[in-house]
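To keep things clear, I will list the structure first and then write my remarks on it.
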Amino acid sequence: MNIEKANSPPEETMSKRPPRNKYAIACALLASMTSVLLGYDIAVMSGAQIYIKENLHITDTQIEILAGIINLYSLVGSLAAGRTSDWIGRRYTMVLAAAIFFAGALLMGLAPNYAILMLGRFVAGIGVGYALMIAPVYTAEVSPASSRGCLTSFPEVFINSGILLGYVANVAFSKLPININWRLMLLGGAVPPVFLAAGVLAMPESPRWLVMQGRIDEAQRVLFKTSDTPEEAEERLRDIKSTLGIPDDCTDDNSVAMIKRNSGEGVWKELLLRPTPSVRRILIAAVGLQFFQQASGIDSLVLYSPRIFEKAGLNSNSNSIGATVAVGFCKTAFVLVSVFFVDQIGRRTLLLASSTGMVISFLILGSSLAVIDSNPGKKLTWAGALSITSVLTFTASFASGYGPLAWVYSSEIFPLRLRAQGASIGTAVNRIMSGVVTMTFLSLYKAITLAGSFYLYAGIAAVGALFIYFFLPETRGRSLEDMEELFGKVAEEKVGEKNGEVTSAFAENRPVNKEDMDGKAELDTSGK
């Protein structure tokens with residue numbers, strides 16, 4: 001099955017690209033800023049943990065749990081965010097995320113002991129879960145198809161910006177006394193939510209959520225501002241109404257609200273218990289992509305990079321923490337590759353290139369660390385330099401593809417009626433894997449060595465590349481309302497291959513008709 005050929009974007013999308021919609025860009029920027037919270041927390045803990053361990057006299061195991069547990073705590077937020085955003089709206093869900101994280105940052109920074117510190121991690125984790133799920137969903141729903149990939153990459157840009165800020169905070173406060181420095185590092189996380197909450201209130205609500213609430217006139221106004229042309233705005237509104245089962249000529253808000261008011265009822269059954277073939281494939285694609293994004297070890301690299309640099313020869317705390325700033329700069333700079341090229345090159349190509357770079361980088365990192373381990377007491381400058389370089393190339397490979405595009409892809413493929421809850425499942429899987437990876441890294445490298453850990457991550461990333469190649473169709477240039485049909489076509493093509501009945505219709509990216517099936521009943525290409 002040739003997924004790329006069968007699901008290539010429409011020719012008109014490829015040949016004619018309208019100018020960027022500045023209003024949609026502004027909305028995406030404001031929404032995506034909530035992702036700063038996660039990036040800052042991950043990076044600042046990489047440095048703060050060194051001083052927390054010394055100041056509170058705790059063990060490596062306690063540090064491992066403290067650093068990684070926020071990812072499991074964020075499950076509460078990510079699973080609740082789907083229903084919450086359908087209930088109070090995408091915009092106020094982002095405000096709620098900022099408020100929760102603000103409270104968590106205060107608790108962590110003022111914690112008198114390990115128990116209160118863990119409580120602060122729990123509260124902050126809920127806020128992170130909300131922010132991670134809702135920013136990509138809102139951005140995907142407000143963006144025109146021509147620039148959706150670029151704009152939906154913005155949350156990853158701000159995650160990386162948060163990582164850079166966290167590393168800078170580590171360097172800035174590292175020279176202070178140990179009973180103060182880590183507290184200021186963590187309290188710094190309370191600053192961004194204040195500005196984020198104020199900025200989010202200036203944004204419009206998601207037009208798709210407004211239609212779900214029967215507020216058609218408001219949705220139409222937002223669509224006219226966020227679409228490339230008035231004709232596209234009308235088409236997007238028709239598509240949204242069609243997806244929700246609302247007649248195209250029905251415009252009275254009260255009448256529409258009576259016809260269809262979707263607040264999430266029956267969604268979990270349709271997602272998990274009785275999914276159609278296309279919905280099942282969409283769910284597997286989203287969950288699989290989020291699984292491999294985190295199982296390949298990125299958060300271990302970011303969170304424990306000072307230990308990796310120490311192994312490579314940077315022995316002092318200040319030197320190893322300072323080197324992490326280079327990781328932050330690299331991650332922030334290379335995420336722009338996906339921002340600028342995702343709508344030109346496509347999701348699949350960038351994901352495959354990113355995966356390949358990740359595998360090669362971790363193989364080199366594992367090999368260089370193995371050489372260092374096999375020569376104890378010797379200063380192998382070349383091996384240390386190669387280790388540091390491979391950390392940076394892995395970071396660059398991840399940031400230019402896998403990092404942002406896992407969120408882009410999983411936020412755009414679910415049908416509207418399932419999008420919030422579907423995205424929350426993907427976010428939950430992402431956080432579970434991040435928690436497992438970061439909470440086991442220290443134990444893992446003590447069991448199989450640091451080199452063995454990165455060989456393992458390289459193998460997982462290689463399996464992820466195969467998953468992308470064989471399972472993910474290209475979504476570039478497709479409207480959000482087209483996704484179920486797209487995945488339905490891929491599912492039907494797979495069934496047709498098994499039965500020896502694949503026709504040229506799929507390769508030509510057109511609906512299957514009776515002639516194609518030699519007189520057999522016409523397939524329902526919607527996947528329903």
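From the backbone N, Cα and C atoms, a Cβ is placed for every residue, glycine too.
Going by TrEMBL, these are the annotated features:
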- 23-43: transmembrane segment (TRANSMEM)
- 27-476: domain 'Major facilitator superfamily (MFS) profile' (DOMAIN)
- 94-112: transmembrane segment (TRANSMEM)
- 118-138: transmembrane segment (TRANSMEM)
- 150-168: transmembrane segment (TRANSMEM)
- 180-203: transmembrane segment (TRANSMEM)
- 323-342: transmembrane segment (TRANSMEM)
- 349-372: transmembrane segment (TRANSMEM)
- 384-407: transmembrane segment (TRANSMEM)
- 428-448: transmembrane segment (TRANSMEM)
- 454-472: transmembrane segment (TRANSMEM)
- 501-528: region 'Disordered' (REGION)
- 511-528: compositional bias 'Basic and acidic residues' (COMPBIAS)
PLDDT averaged over every residue in the domain 'Major facilitator superfamily (MFS) profile' (27-476): 86
Cβ-based contact of the transmembrane segment (384-407) with the transmembrane segment (150-168), 3 or more pairs under 8 Å: yes
Stretch of maximal Cβ-Cβ contact with the transmembrane segment (94-112) [cut-off: under 8 Å; candidates 150-168, 180-203, 349-372]: 180-203
Contact set, same chain, for the transmembrane segment (349-372): CB under 8 Å, 6 or more residues outside the stretch: 296-297, 308, 311-312, 337-338, 341-342, 380, 383-384, 386-387, 390-391, 393-394, 396-398, 400-403, 405, 409, 449-455, 457-458, 461-462, 464-465, 468-469, 472
Contact set, same chain, for the transmembrane segment (180-203): CB under 8 Å, 6 or more residues outside the stretch: 27, 30-31, 33-34, 36-37, 40-41, 44, 47-48, 51-52, 55, 91, 94-95, 98-99, 101-102, 104-106, 108-110, 120, 124, 127, 162, 165-166, 169-170, 173-174
